[in-house]
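Undergrad: Pasting a structure here, questions to come.
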């Protein structure tokens, strides 16, 4: 099978179009070399940003697209193979399609040249970014998070090599404007072998300037809302709790930055929402409050407002966390509050959130809608809380994940 295979007429193909149609998700095979020279293989979650909504490629038989990256430099390699191709000048060329989304450094077909290029880049290799926080251990390995310098040629090149993963693994993901200096890009590496570190994943975050009042404006005190836009952990590192460590380390870094007043997330997927909820809950209950001390009368007081601001949490996320703590208290008999009190408290928030729609319904329908919404939310909270031991100061209970994003992660 090669890209120089026989060419078949379009007339013959029209009789059996299914033989000439390939799923782009199945055809595209992604390989990432490991530090020991082996290559780990997986398929993308999405290819519609590149090959269209149908995620199909027509005109080739036995189509296989190889997209390969080095674990350290992420140097890209592309090859396209097939057993037969239709004789039609209007056919979409998968090679050209993919190359338009990859950096100019991408090597096509010549594996020897690719390996030589990787080895050349690894000579005296240094991660093109600034270490965020400290090197930390997880299991038997060491890890570090680095903020890329996009004004540096090596930092910009690494960003261009990584960004195609946004299209392939984040629903509705899109490339960021790397010329916008308000974007931050953080890359997590395994640095057990300092000479050839391995990329674990990356995160993009946007800095929204927030007006803090004329006094702070006059004194040039900048305040920003840090919005997490894209968050990817490579598939072979998911399920190892590295996503949670990545998120927690970034949050610790932002907690120490006086300019950051709030951390928010742009359109998270369910899996990233779960990761975030578990991380935020664990951090809140381990470092700041005792689970049993959270009481209904406290939630709408200055205490709650101050706590939310200190923890740099957005209002909606903070409300969810407190509601989950109330459910957790009931599940573990840590409170004198009744289940009915908690239910009515949460229903009140749900009503206020959807007041305009609910007020247009008759009372029986409105009450039924609220009960259905509450039951669904309670079930989801219990699912998220499953396995967490918040009142015992348990260790981190999070998993690796990818986050979806709208026009950017």
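Each Cβ is built from the backbone N, Cα and C atoms, and glycine gets one as well.
Feature annotation from Swiss-Prot assigns active site, proton donor/acceptor to 266; the stated evidence is similarity to another entry. Positions annotated as acetyl-CoA binding site by Swiss-Prot: 231, 232, 233, 238, 239, 240, 241, 242, 243, 244. As annotated by Swiss-Prot, site 'Interaction with histone H4 N-terminus' applies to 183, with the evidence given as similarity to another entry.
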Undergrad: Please classify the secondary structure at residue 239 (acetyl-CoA binding site) using three-state DSSP.
TA: coil
Undergrad: Could you check the recorded positions 183, 231 and say which one's CB has the most other CB atoms within 10 Å?
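TA: Of the recorded positions 183, 231, the highest Cβ count within 10 Å belongs to 231.
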Undergrad: With H, G and I counted as helix, E and B as strand and the rest as coil, say where DSSP puts residue 266 (active site, proton donor/acceptor).
TA: coil
Undergrad: Quick one: Cα separation, residue 243 (acetyl-CoA binding site) versus the residue listed as 'active site, proton donor/acceptor', in Å?
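TA: Approximately 17 Å lies between the Cα of residue 243 (acetyl-CoA binding site) and that of the residue listed as 'active site, proton donor/acceptor'.
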Undergrad: Among residues 231, 232, 233, 238, 239, 240, 241, 242, 243, 244 annotated as binding acetyl-CoA, what is the maximum Cα-Cα distance? Answer in Å.
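TA: Across 231, 232, 233, 238, 239, 240, 241, 242, 243, 244, the two farthest Cα atoms sit 16 Å apart.
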Undergrad: Within 10 Å of the Cβ of residue 233 (acetyl-CoA binding site), how many other Cβ atoms are there?
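TA: 27, counting other Cβ atoms within 10 Å of residue 233 (acetyl-CoA binding site).
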Undergrad: Return the residue, from the listed recorded positions 239, 241, 243, 266, with the maximum count of other C-beta atoms within 10 angstroms of its C-beta.
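TA: The residue with the most neighbouring Cβ atoms within 10 Å is 243.
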Undergrad: Given the binding-site residues 233, 239, 241, find the one whose Cα is closest in space to the Cα of residue 183 (site 'Interaction with histone H4 N-terminus').
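TA: Result: the closest of the binding-site residues to residue 183 (site 'Interaction with histone H4 N-terminus') is 233.
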